[in-house]
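S.K.: Among the features that TrEMBL reports, domain 'VOC' is placed at 57-206, 215-353. Here TrEMBL flags GLN60, GLU129, HIS156, GLU202 as Zn(2+) binding site. Summarising the annotation, TrEMBL assigns active site, proton donor/acceptor to GLU202.
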Amino acid sequence: MMRLRSLSRQSFARASKKVGSALRGRTSVRPASFARRALCTAMAGGSAGAGILGNPTWQQTMLRVKDGQTSVKHYQDVYGMTLLDKLDFPDMNFSLYFLATVKDGEKTPEPGTDEAHRYLWNYPGVTLELTHNWGTEAKEGDVYHPGNQEKDGFGHIAFACDDVYASSERLSSQGVDFKKKPDEGRMKGLAFAYDPDNYWVEIVRREPMNSTSFNLAQTMLRVKDPQKSLKFYIDHMGMTLVREKHFEEAKFSLYFLATIPAGSTEPDPTQPVLELTHNHGTEDDESFNHFTGNEDGRKGFGHVGFLVDDVYAKCKELQDAGFQMKKGPDDGTMKGLAFALDPDGYWIEIIKRGGYDAEATPYTLG
């Protein structure tokens, strides 16, 4: 457990004020989770992930896409994302595109350069990683499974905006199709759009920023047992439970987790949360499991990824805690990066922060 410094009354008051700021506007925050941890963090003078082995920070959500260029253009033109980097693997016939919501005026390197690689693998925020397997763009019809069928685990990504209604009208004018418009259904004021691969993209309202822009806001995964999942992401991956909502009549709960930025005690409102959705009762069904997006015939969502200081040490810690590895850091040809399995079997990529060489390559070939 994090050791706390001795505080004066003034320091304690400042810490409490920071926690209060973090809680304002979050009607369903549970003080026993976020408030206590944030207060302890503020008192210790560090970030909420301090003290977790490897200093893990959430860095990516990966989706497979049929046509890389089409999808990149969609997220750039429709949601205002910035392409941080592009990585091509001609020997394995695939490319990776990393996009993010960057702050106004922030300069980013030219994608594909060594500078961009270094920027990406030290990036403190969350990226959307689009994986394009070469040749799929020439295939007819849908190539990947967007989720949201029976027992699918992946639900959606989301973007936040000041005005869901105005933003939805703007998307419609750009030719974007919708699963649900903001006035449809029982839940008014939120919408679900489709991307080029028919992944669901939720459009949600944020605290006003006097901007017509979007920011990447969520990745939603369904979980079988929230207590097991929360323990994994909080105790091992350094995330903080910032909000939870329970719908007893509808029999489901939502848990929102974030990586708290270094030196802060509250989430960055421009960065996304990991939304874990629990349908009540699944934890009691021994035979129940979600599809993770990596099964034959259901591939689409791939993984979430975390940067860490030491991949080998982090993997050993996870294995010692009883978690399985999909790929150990010395397995395969790409050494030094790994995939763990969370309690639901979702793939969790473990990536070396800053990489292993001057170009920040997050693996070595062997």
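The first residue you see is number 1, and the count goes up from there.
Using N, Cα and C of the backbone, Cβ positions are placed for all residues, glycine too.
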S.K.: Using a 10 Å cut-off on CB atoms, tell me which of the binding-site residues GLU129, GLU202 is the least crowded.
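M.R.: Lowest Cβ count within 10 Å among the binding-site residues (GLU129, GLU202) is GLU202.
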S.K.: Which whole number is the mean pLDDT over the domain 'VOC' (215-353)?
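M.R.: A mean pLDDT of 97 is what the predicted model shows over the domain 'VOC' (215-353).
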S.K.: Taking 10 A as the limit, how many CB atoms besides its own sit near the CB of HIS156 (Zn(2+) binding site)?
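M.R.: Total other Cβ atoms inside 10 Å, all chains included: 22.
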S.K.: Take the Cβ of GLN60 (Zn(2+) binding site) and count every other Cβ within 10 Å, whichever protein chain it belongs to.
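M.R.: Looking across every protein chain shown, the total is 23.
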S.K.: How many helix, strand and coil residues does the domain 'VOC' (215-353) contain under DSSP?
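M.R.: For that range the per-state counts are 24 helix, 55 strand, 60 coil.
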